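> So that we are looking at the same thing, I have put the structure below in structure tokens.
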């Protein structure tokens, strides 16, 4: 069999709070790599503490990409990510470095590695019309309307997920085809890389739950509420009629802090709700990761030497 001459890349996945960011840096230092964030919240400026965003020292130690590239009142799609990540990969490969893609946003990984169907781009006028209808009738009503034209997509979207409801209706109104029909088309532009997929996840769920709880407590101690309050009072967000519909503000921890600052519940309830929501996020991520049949799983506390051996074998073959 001829040698695979495609450039190598590392895909490091895992649930939230599993230690991916530090491992990505360790790999980058050891094998001359650069880190590409695959996280739908790390793209936003000003969301630092609640996202466990790599700090300045971590980002200075090795190059990082696709962090702090959007304002929190802007939208950033999986297609945007795939485009930007490809550009970053090309630049890294040209420098002779190893691309290390790390994060927990499954849709972004799929968009990059498998490609997206060529759906219509965003249409500002249609999007504004849908938002106005939602303000008048509610997102639940629009979810019902979506089910009438695209039952498959509606079944996958919760009635409280305005971003995805809006996009699905937008696709239908712009093209006359449902999102599920578009998604059934063959994907385009698969990534021309030789990829090693690694999953970092504690073997025992209680370990992950402990890490989640400890991390959120540290976030609160480090000023998460002040960070959320600064976002709430920013003129571009404060002027919005429904700021909690912003993708950035729906991030786990941020919505709960916002609602706590609104007086909806106590500090103890804030902690409990945020930890529970983060556990649910981790559960969804683990469910998706189990479908990545070609990925190798590692425990963050016990498999460091095994990770090194797998990396050496992959890069030297």
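Just so it is clear, glycine is given a Cβ too, placed from its N, Cα and C backbone atoms.
Just lifted these from Swiss-Prot, have a look:
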- 14, 15, 16, 17, 18, 19, 20, 21: ATP binding site (BINDING)
- 16, 17, 18, 19, 20, 21: substrate binding site (BINDING)
- 39-42: region 'Interaction with substrate tRNA' (REGION)
- 105: site 'Interaction with substrate tRNA' (SITE)
- 127: site 'Interaction with substrate tRNA' (SITE)
- 163-167: region 'Interaction with substrate tRNA' (REGION)
> For the region 'Interaction with substrate tRNA' (39-42), what are the same-chain contacts with Cβ under 8 Å, counting residues 6+ beyond its ends?
51, 53, 66-68, 76, 81, 103-105, 107-108, 247-248, 251
> Do you know offhand how many angstrom separate residue 20 (ATP binding site) and residue 105 (site 'Interaction with substrate tRNA') by C-alpha?
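The separation of the Cα atoms works out to 12 Å.
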> Once 14, 15, 16, 17, 18, 19, 20, 21 are set aside, which residues in the chain still have Cβ within 8 Å of the Cβ centroid of the ATP site?
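Surrounding the site, in chain order, are 104, 200, 201, 300.
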> Can you count the other CB atoms that lie within 10 A of the CB of residue 21 (ATP binding site)?
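Residue 21 (ATP binding site) is surrounded by 22 other Cβ atoms within 10 Å.
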> What is the number of residues in the region 'Interaction with substrate tRNA' (163-167) that are helix, strand and coil, as DSSP sees it?
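Taking the region 'Interaction with substrate tRNA' (163-167) as a whole: 5 helix, 0 strand, 0 coil.
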> Residues near the substrate site, 16, 17, 18, 19, 20, 21 excluded, by Cβ within 8 Å of the Cβ center?
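After dropping the recorded site residues, what remains is 14, 15, 52, 104, 200, 211, 300.
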> Run through the Cβ atoms and count how many others sit within 10 Å of the one on residue 18 (ATP binding site).
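Result for residue 18 (ATP binding site): 25 neighbouring Cβ atoms inside 10 Å.
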> Name the residue among the binding-site residues 14, 15, 19 whose Cβ has the smallest number of other Cβ atoms within 10 Å.
19
